[in-house]
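Visitor: Structure incoming, see below.
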């Protein structure tokens, strides 16, 4: 019995030591990374809580809503997010569904078109918009409406991929044919059959576009529009604490949205897993 | 399969392998509970059993991919328990997807030779010969994704044979393949293995595979070896009730013990091993369907419940008076008159049967 | 007859794409074409190469060089560190908490560019930053380190480059089947030989692809640098913005277009490389 134990004790210990070294290295990498990623966020929180003479209080946060222009710009940004989401869904849900149903051969082509905005940097797009629409109707080009219209384009790579993945995972043709056989019109089929089956994808696409809009600075700044990020940078030139608090707010809202998506995504995946 | 083989690989006496008291547990689960097994040089032994019986764990321990909690593995009489996997001179064929996707079929086969410092020209030649051996000469420059599952497994086999391993390990290499390819490749593997005389350990859950390919079949259950014997013996003289039930179909029919005999439906049959019960005790006899003979009879004791045609044989299922169903495999010509509802007489072939309590 | 019918139907089907195509043409196509054409036009609308030659000379050439340097440096560091993190995570048990946390955090942090990121770093290592104060209390003065210079921008960009790398490379790392390592080991390969002959060659295409994606990502970024440096560091996007807002001289819109064309070309080539490598990877990653 003792002999048998002796026989295997050595190699097992060796394995454990080797594993241990690798594991220590892995944890070291992860801990350093965690510090690098957490410290700026922690510092932002601390910075936004600074009061006079090295004290900490909530004054920056309580005063935030009273800052001139803050509420107006916050509302503009929220309206932009809502507008972008609505235009995106109205444009992209029928289009992707149509491509899946009637033009599956064109899927790759449509996908290529939808990733094009990645190739055109936002700065360059803003430049183009400024030059191309100089003589456009001023209720579009002179107001944040143009921003919403361009944000739909900026979000295309993410929204298309999300909706496309959702459509690929449901038996769309069967569902639609069943609906059409029952005498439903195209619009009815879209609203009653396609949309309910795509709930998770539609939600994800909406969250992705909204998160993008709330943080977008480049185009808004270059087109001289006032949004929350633009206001934040301007405020930062006078008052670092206020700007930091405002950017924390943007961050917080964005992250809550993205975390929601992650949670919904898992629930959706689990549901598909169970039925399949 | 008619290729000429390099004489150096032909019928070289293989290495004897011994597994001694292998034990392995994962937390609460015991995967191997003291496995002993001797494999003769050039022999093909199958590890057969239901999933979770420890057969794959045993194979992986032999390969060095997993360690055992206790026990040892000997090859050529040498204890290799502490030797790492890459120094063991064994080659394994996995269930599927084990070809390196960045290498062509030929490069995959040459992989082991490359590690052994064989010159590029020589390994190209050897890889070509081995691909010829598995009938894939034309596929030298193909990548895994350009080949069917069966072709991939042939390449994996050629890759394993290329290093002239002391032991060939096969981990359910056929289970991911279509039925037809499976049978064909099964025969090819066996004839290659016999020609090369290579000691082989083959893991499978498919009893037909195990019975048709092996010199000996090792039936495992819950981490233990139930029986290790020739396919014929495992089938006709199962050592334990588990083996009897797991290998082949088996009827369980009530009977009465009387010493070295058992009385089943009025017929006295010899028993393989007398049960430790007093005469007159109720026992269960295990009878193969092909040992159950039925003849139509107006005043028969049993009634045909259903029958299913299977080509040369027809399986007829009858219902006994107490409701027990008994299967019988009859030549299809003899089963014509045994339609459902027919009454029949039942008899058993005069062979020793196994009895359990 | 039936043929004409089905051809008509196909034409009708294509009509369903009209709203989408029209939208993309107007809001992406028209601005892009305007930039590309503008790059070759003078103020009167005549054709010229003077914008291009101006964009290819200093100070703009210098901006392209600095942008390329920063993008390449953050891409390389981001790719290496991201790969290390992905490796560390892939060693943890599947379905574990660590995987969950890292994948969610990467998804969220890869989005964390722009204005909030700039302020977060100012709050951490700016002259009044938390870390600056701590280190100062320990007698370590880092006020010489400027967040607004090359090293500062690099440090900040890594904050979104690393998570992006983790997101992109993790599927490739997970796609390496344990059988390959085991088969190699059986055939006599050491760990190092496995990585040299199998694992490394398999990870190379996705790694190079990710490198190019990261490069494009950094090259196109504007908001972080603008909010952080207020336009001090001469990156191409910042130069374009300066030209656009008339800070340089009036009537230089077409110079901005020429710079924009340069950006489109560089980003486009990098992304094309990424797409190419992705396609190579998808051959074995399934």
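Note that Cβ sites are derived from N, Cα and C of the backbone, with glycine treated the same way.
A TrEMBL annotation is a machine prediction, not a hand-curated record.
TrEMBL lists C:64-276 with the feature domain 'ABC transmembrane type-1'. Annotation source TrEMBL lists transmembrane segment at C:12-40, C:60-89, C:101-125, C:145-173, C:194-215, C:221-243, C:255-277.
How about a rundown of where these features are and what they're close to?
Guide: Within the chain carrying the transmembrane segment (C:101-125), a Cβ under 8 angstroms from the stretch's Cβ atoms is held by residues 85, 89, 131-132, 142, 145, 147, 152, 155-156, 159-160, 162-164, 166-167, 170, 221, 223-224, 227-228, all 6 or more beyond its ends.
Remote same-chain residues near the transmembrane segment (C:145-173) are listed as 66, 69-70, 73-75, 77-79, 81-83, 85-87, 89-90, 102-103, 105-113, 117-118, 121-122, 125-126, 202-203, 206-207, 209-210, 213-214, 217-218, 221, 224-225, 228-230, 232-233, 235, 281, 285 (criterion: CB distance under 8 Å, separation of at least six residues from the stretch ends).
Packing against the transmembrane segment (C:194-215) from elsewhere in the chain are residues 71-72, 74-76, 78-79, 82-83, 161, 164-165, 168-169, 172-173, 176, 180-181, 184-185, 270-271, 273-278, 280-281, 284-285: each is 6 or more residues past its ends and has a CB under 8 Å from a CB in it.
Sequence-distant contacts of the transmembrane segment (C:221-243), counting only residues of its own chain at least 6 positions beyond either end whose CB sits under 8 Å from a CB of the stretch, comprise 59-60, 62-64, 66-67, 70, 113-115, 117-119, 121-122, 147-150, 152-153, 156-157, 160, 252-253, 255-256, 259-260, 262-263.
When Cβ-Cβ distances below 8 Å are used as the criterion, the transmembrane segment (C:255-277) is approached by residues 32, 34-39, 51-52, 54-55, 60, 63-64, 68, 205-206, 208-210, 212-213, 215-216, 219-220, 236-237, 239-240, 243-244, 248 of the same chain, each at least six residues removed from its ends.
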